[in-house]
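**Student:** The structure's right below; bear with me while I get my questions together.
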């Protein structure tokens with residue numbers, strides 16, 4: 001591959017722009033992978049839900065383009081179909097999107113090329129932070145040279161984003177034909193896909209405990225406190241898992 | 001108020017404020033916080049645990065109380081599909097694809113068999 005030659009060039013000043021463009025293309029090529037396909041299918045499942053609750057194609061595409069985090073998109077879809085007000089909907093979506101903050105914090109030190117990376121560049125590529133891109137980046141970026149990481153991630157993120165937007169638009173237009181087991185399977189893809197990628201992305205046993213506690217507490221709180229269920233699940237499940245993990249690790253230290 | 005909810009631009013206000021701003025602000029905060037907050041601090045372990053439990057709550061809701069076509073599938077079959085996914089995932093050395101394919105196999109196969 002030519003990547004080794006480019007690796008050598010990449011440190012020299014004249015080829016820096018060339019190097020950036022090269023790594024952007026490499027990232028774009030990397031976007032044609034299995035996780036992208038799963039994400040495309042998951043968005044196909046979302047369009048079936050969106051159609052049923054009466055969202056238009058423009059609304060579906062705007063949500064996909066501007067939010068780019070499927071669980072939050074599903075939460076907003078639910079809020080809009082239930083006729084929720086702006087503030088309750090914003091709170092519900094913001095709560096479901098809290099995880100993007102620690103994900104971004106964990107990714108930025110990997111992406112950053114010391115002082116050469118501008119803040120606006122990081123703000124721009126942070127838009128691509130979502131489960132798929134994050135898991136891919138945390139796995140693949142550390143093996144690349146520092147200067148390559150931001151253009152590579154920008155190429156990967158924008159290509160996945162573009163491909164998924166196209167497939168979402170297409171599926172919205174052809175979906176009325178889809179019914180029965182296949183349609184149900186596509187809707188199931190989102191929770192299944194997120195369950196396994198969250199499990200793979202979890203770094204400590206505390207994270208895994210939080211995942212399992214959330215799965216158990218979510219339906220209980222949904223039954224008893226509908227509306228506040230996600231907030232309660234997050235705070236109670238997360239705090240119990242965190243405290244348990246803290247005690248377990250501290251005891252091991254003693 | 002009902003006039004506002006019914007107007008053509010209301011969904012776009014919802015998407016822009018409750019969608020875009022409510023999601024994107026966390027990424028921006030993440031960018032600015034990344035310079036100061038440490039990845040290995042206890043505060044972050046807690047924030048990550050809360051975020052993880054919250055997403056798990058969403059996952060459980062999507063499986064147990066789904067809207068639309070998935071809601072037609074009996075609840076035991078949906079749970080069997082998740083269990084099948086976990087078994088497939090563990091049997092094939094924690095492979096994402098193994099978990100997804102086996103869950104889908106149980107759900108689509110089971111539902112096609114029932115109807």
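For all residues, glycine too, the Cβ spot is worked out from N, Cα and C.
Please treat TrEMBL annotations as automatic predictions, because they have not gone through curation.
In case it helps, TrEMBL gives these features for our protein:
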{"type": "TRANSMEM", "residues": "A:31-50", "note": "transmembrane segment"}
{"type": "TRANSMEM", "residues": "A:56-79", "note": "transmembrane segment"}
{"type": "TRANSMEM", "residues": "A:86-108", "note": "transmembrane segment"}
{"type": "TRANSMEM", "residues": "A:120-138", "note": "transmembrane segment"}
{"type": "TRANSMEM", "residues": "A:150-174", "note": "transmembrane segment"}
{"type": "TRANSMEM", "residues": "A:180-197", "note": "transmembrane segment"}
{"type": "TRANSMEM", "residues": "A:209-225", "note": "transmembrane segment"}
{"type": "TRANSMEM", "residues": "A:231-248", "note": "transmembrane segment"}
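Could you give the neighbours, burial and distances for every feature on this list?
**Tutor:** Through the fold, the transmembrane segment (A:31-50) approaches residues 59-60, 64, 70, 73-74, 77, 132, 135-136, 155-156, 159-160, 163-164, 167-168, 171-172, 175, 178, 183, 186-190, 193, 197 of its own chain, all at least 6 residues removed from its boundaries and within a Cβ separation under 8 Å.
Tertiary proximity for the transmembrane segment (A:86-108) is limited to same-chain residues at least six positions away from its ends with a CB under 8 Å from its CB atoms, namely 67, 69, 71-72, 75-76, 79-80, 122, 126, 129-130, 134, 137-138, 227, 230-231, 234.
Here the transmembrane segment (A:150-174) has Cβ contacts under 8 Å with residues 19-28, 30-32, 36, 39-40, 43-44, 46-48, 50-51, 57, 60-61, 64-65, 68, 111-113, 117, 121-122, 124-125, 127-128, 132-133, 136-137, 141, 144 of the same chain, all six or more residues outside its ends.
Residues 35, 38-39, 41-42, 44-46, 48-49, 70-71, 74, 131-132, 135, 211, 215 of the same chain sit 6 or more residues outside the transmembrane segment (A:180-197) yet have a Cβ under 8 Å from a Cβ within it.
Note on the transmembrane segment (A:231-248): residues 95, 98, 204-207, 209-210, 213-214, 216-218, 221, 225 of its chain, located 6 or more positions outside it, place their CB under 8 angstroms from a CB of the stretch.
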